[in-house]
Ligand code: SF4
């Protein structure tokens, strides 16, 4: 559900406890798939190797220094201050920092029984956001398979509280698959959010290698399809990591599958290994290839594609586009034209 690594920690004196800051923690490694080889090193295990020479250094386009002081995301300046279009964006993680799943690309903490959600989180989050003056909020979370609704109700309460205090704010929810529970998807979609996002993360063939076995390609497609169908005009969004060994044909197949269920926005970014215990990078995809995928994606009907080595699923992916789209939709429904 959460794509790629190192989301931002938001600089604020009034942040709720759950703001995103998940760092390098080893997760479970279950080797699945013929290509996987386990390496060991003196300090413990080394990540499942996807085929690239582990001694190959990162290319220059990925050796960008993160801003000093407060965050490890290279794009935080643009997110927080606005990226030239004047839209300030923030990302918040709800439902705690501990996930019930263990995907092999993700460095979030895992446990079968994380702490119960903070019942005050929706209200406190809405109050904090109202005081920040940001335009666009991405709400995301760990997976909470321990909760009967997977956390959908908690998400929905947060959106409702946020829209009540800040009616003009745009809210994107980047959610889990709720174990495929379409009622959970419906209740969240009807909470007032502007964009429903759920990440397929990788191509069909690599799902079992990359994601927790409880996740899956078909399940993710079903969640995205339902979100689109259960509310007219719902904007849907997903993300794919590149560099895990996927072929061009497999990327095209995934894009076609996403277009077949009318997903509007796609983000593509480079997978980076968060710790030596996680999946290694198979390939550093060139910036030119990312541009190719943007053009290709828009040519087959995505309304917006953000594609680049440092693009992250919650990074400024189409906020301006979404704002314009939502406003047009509102004008349309007011005038009936
Ligand atoms: S389901 Fe949990 S382990 Fe998998 S990507 Fe999301 S937060 Fe990370």
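Cβ atoms here come from the backbone N, Cα and C positions, even for glycine.
The [4Fe-4S] cluster 1 binding site feature in TrEMBL is assigned to 73, 79, 314. The [4Fe-4S] cluster 2 binding site annotation in TrEMBL covers 99, 103, 106. The domain 'Radical SAM core' annotation in TrEMBL covers 82-303.
Taking the Cβ of residue 106 ([4Fe-4S] cluster 2 binding site) as centre and 10 Å as the limit, one finds 26 other Cβ atoms among all the protein chains shown. Within the same chain, residues at least 6 positions away in sequence whose Cβ sits under 8 Å from that of residue 99 ([4Fe-4S] cluster 2 binding site) are 106, 108, 109, 110, 111, 114, 142, 143, 144. A mean pLDDT of 94 is what the model gives for the domain 'Radical SAM core' (82-303).
In the three-state DSSP scheme, residue 106 ([4Fe-4S] cluster 2 binding site) falls into the coil class.
Residue density at residue 103 ([4Fe-4S] cluster 2 binding site): 25 other Cβ atoms are found within 10 A of its Cβ, drawing on all protein chains shown.
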